[in-house]
Every structure is written in C-alpha cells, then in structure tokens.
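Colleague: Mind having a look at this structure? Questions to follow.
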Ligand SMILES: NC(=O)c1ccc[n+]([C@@H]2O[C@H](COP(=O)([O-])OP(=O)(O)OC[C@H]3O[C@@H](n4cnc5c(N)ncnc54)[C@H](O)[C@@H]3O)[C@@H](O)[C@H]2O)c1
C-alpha cells in the first residue's frame, strides 16, 4: 500500500491525511468544497508546526509531509491510483451510500474501501458496492494525529484478508487498531453514548449540577474530561443522532436520548461549536452555562 485517498477534508479527513502523509504515504485529499480543502491544508500545516515544537518532527519532515498531500475536487481523478480509499465525509447515510456507489465504479477491483463513520452500519455501506468483502470501518478518533486508537469494524461480509491488511496498515502509522464487529455504535459509541446520556439524565433529574457530575467522573474514575464537557466537545447534535442510531438499531428504550439533550439540540445549543452547551465558551474561557448555574 502506497497511495491513500481520503474523501472529505473536514475535522477528521485532514487529520487522517496528515497521519498517512507523515508516515510516507502519498495522499490524495478530496472534497467537494475548495474552501474545505484550503482550510484542511492550513490546519495540517499548523498541526505539523505543533509537532515540530514538541520535537516529534523536524522542519524537513514537515516539508516532505506536505509534499505528499495532493488535493482534488473531483473524486474520480482523486481515487485513480488509490490502493485504499478512506471516506470521512459528512455523517449522512445518503451521502455515504452515493460516495461508495461511485467509488465502486471509479476504483480498481483490488482497492479497499474504508469508512470513518461513527454510527452508520458498515454492512449497509458495503451493500452499495459489488465488493462488500473489501469494505471495512476505520474509525479514527479526534484529534487523529494524537489519538492512538483506530476501531476497525468488520462488516458482515468483510473478508479476513481485508481485515488483516487494514490492521497492519494502522500499525504502520503508529496507531493501535482494535477489531470489532458491525453492530450499532460498534464498541466505542455503544459504551460512551449511554454514559453521556446517563450524565445528562443525572443533571435533568437534579441529582447534581454540571460541575459536580463532571468532577465525580474526572476525579473518581480518572477520566481526563467529564462526560458533559466531552458531550459539548463532540457536539450535542452528534450525541443525539448516535443515541438515535442505538435506539433504532437495538429497539431498546434504554438508548433513547434524554429529553434535556433533545431540547438543547432543538434550541441550537450544540456545545463548543456554537459557544453554548452544558458550558459556555468564550475564546479559551469556559464556564457552566447560565441556565445550569446555581442560586
Ligand atoms: N468529528 C469527530 O470527532 C469524529 C470522530 C470520529 C468519526 N467521525 C466521523 O468522520 C466523518 C467526518 O466527520 P467530520 O467531523 O470530519 O465532518 P466535517 O463536517 O468536519 O467534514 C466533512 C467534509 O466532507 C465533505 N463532503 C461532504 N460530501 C462530500 C462528498 N460527496 N465528496 C467529498 N467530500 C464531501 C464536506 O465538504 C466536509 O468538508 C463522519 O462520518 C463522522 O461521523 C467524526
């Protein structure tokens, strides 16, 4: 494997492109939006500078890494020589199914098609292609250049060979791959999202305030960040939609999103990205949102 194409140059796509280029792969970064491509390149450059400051990389390695990334607006051109395509486009089943239908047309027979989806069934995405044995989930964590885990998700028809190739590829970019099967939420979100939802219920029922809930989990369970802060960071709309996937996928009411979470999303309080969630964010300042302050 030498040539990697990454579809979608947003938060995750730029990180995935960065990680592969840093370890010597040629990367084609593809996005329908030229603005997203320009922003991705400047983000990658900033993140490479951070690595230089931390003495992880040299100036010369930064220049070489950037040289290995080419950008494309056109998917067919971008994936032409790809040995592996990693799709990290918008989390919407229609968008992803259309991309995989196209990839199946445009890519060589042997090309492996991976998706970074957080919640959509790999088996369903694979069913849009004539090569379901070569479709797999590669669930990177944010921020990609820093986080070690890649959750490797085997769809119902993913072959052992595809899985082995992708597991060893993840190790070549110094990640730790963990193999799981394709059921709603995989492992990461099946465990994380109910914990976040329960933290929101604990607040909703008045058992404790925002800071108390986060402090218990940080100091008592050694979590680096409390669950309400983490929910703000992930995006409350994203948390709600993953809980809905779990709820529908298992048909079990225990996964239904807390009414407080539903209200916050409806009101447009989506967490850090809108400046308001369980906390309020002003620049680097963060305080409990006015609504949840005591007294
Ligand atoms: N953000 C996270 O923390 C996180 C973590 C793990 C997994 N994911 C998953 O990664 C994927 C991407 O998430 P993100 O946060 O980077 O999203 P994002 O909104 O930051 O970026 C998505 C990009 O995809 C582009 N795009 C949309 N349709 C396209 C198409 N047909 N062809 C090419 N480009 C297209 C958009 O222009 C946009 O730039 C999603 O599936 C998401 O669930 C996100």
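Every residue, even glycine, has its Cβ placed from backbone N, Cα and C.
Quick paste of what TrEMBL says about this protein:
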type: BINDING; residues: 8, 9, 10, 11, 12, 13, 31, 91, 96, 118, 142, 273; note: NAD(+) binding site
type: DOMAIN; residues: 3-182; note: domain '3-hydroxyacyl-CoA dehydrogenase NAD binding'
type: DOMAIN; residues: 185-281; note: domain '3-hydroxyacyl-CoA dehydrogenase C-terminal'
type: SITE; residues: 139; note: site 'Important for catalytic activity'
Colleague: Validating a neighbour-count step here. Other CB atoms within 10 A of the CB of residue 142 (NAD(+) binding site): how many?
Modeller: 12
Colleague: Would you mind reading off the Cα separation of residue 12 (NAD(+) binding site) from residue 139 (site 'Important for catalytic activity'), to the nearest angstrom?
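Modeller: That comes out at 10 Å between the alpha carbons.
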Colleague: Quick one: pull the CA-CA distance for residue 139 (site 'Important for catalytic activity') versus residue 96 (NAD(+) binding site), whole Å only.
Modeller: 15
Colleague: Would you identify the secondary structure of residue 139 (site 'Important for catalytic activity') according to DSSP, in three states?
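Modeller: The residue in question, residue 139 (site 'Important for catalytic activity'), is strand (DSSP, three-state).
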Colleague: Ten-angstrom check, please: count other Cβ atoms within 10 Å of the Cβ of residue 12 (NAD(+) binding site), all chains counted.
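Modeller: A 10 Å sphere around the Cβ of residue 12 (NAD(+) binding site) contains 22 other Cβ atoms.
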Colleague: For NAD(+), with binders 8, 9, 10, 11, 12, 13, 31, 91, 96, 118, 142, 273, what's the maximum Cα separation in whole Å?
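Modeller: Pairwise Cα check on 8, 9, 10, 11, 12, 13, 31, 91, 96, 118, 142, 273 gives a maximum of 24 Å.
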Colleague: Around ligand 1, within a Cβ distance of under 6 Å, which of the binding-site residues 8, 10, 96 show up?
Modeller: 8, 10
Colleague: Residues with Cβ closer than 8 Å to the Cβ of residue 10 (NAD(+) binding site), same chain and 6+ apart in sequence?
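Modeller: Set apart from residue 10 (NAD(+) binding site) by at least 6 residues yet with Cβ under 8 Å, we have 31, 36, 40, 88, 89, 90.
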Colleague: Validating a neighbour-count step here. Other CB atoms within 10 A of the CB of residue 31 (NAD(+) binding site): how many?
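Modeller: A 10 Å sphere around the Cβ of residue 31 (NAD(+) binding site) contains 25 other Cβ atoms.
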Colleague: What is the Cβ neighbour count of residue 96 (NAD(+) binding site) at a 10 Å cut-off, with all protein chains included?
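Modeller: Residue 96 (NAD(+) binding site) is surrounded by 22 other Cβ atoms within 10 Å.
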Colleague: What is the number of residues in the domain '3-hydroxyacyl-CoA dehydrogenase C-terminal' (185-281) that are helix, strand and coil, as DSSP sees it?
Modeller: 66 helix, 5 strand, 26 coil
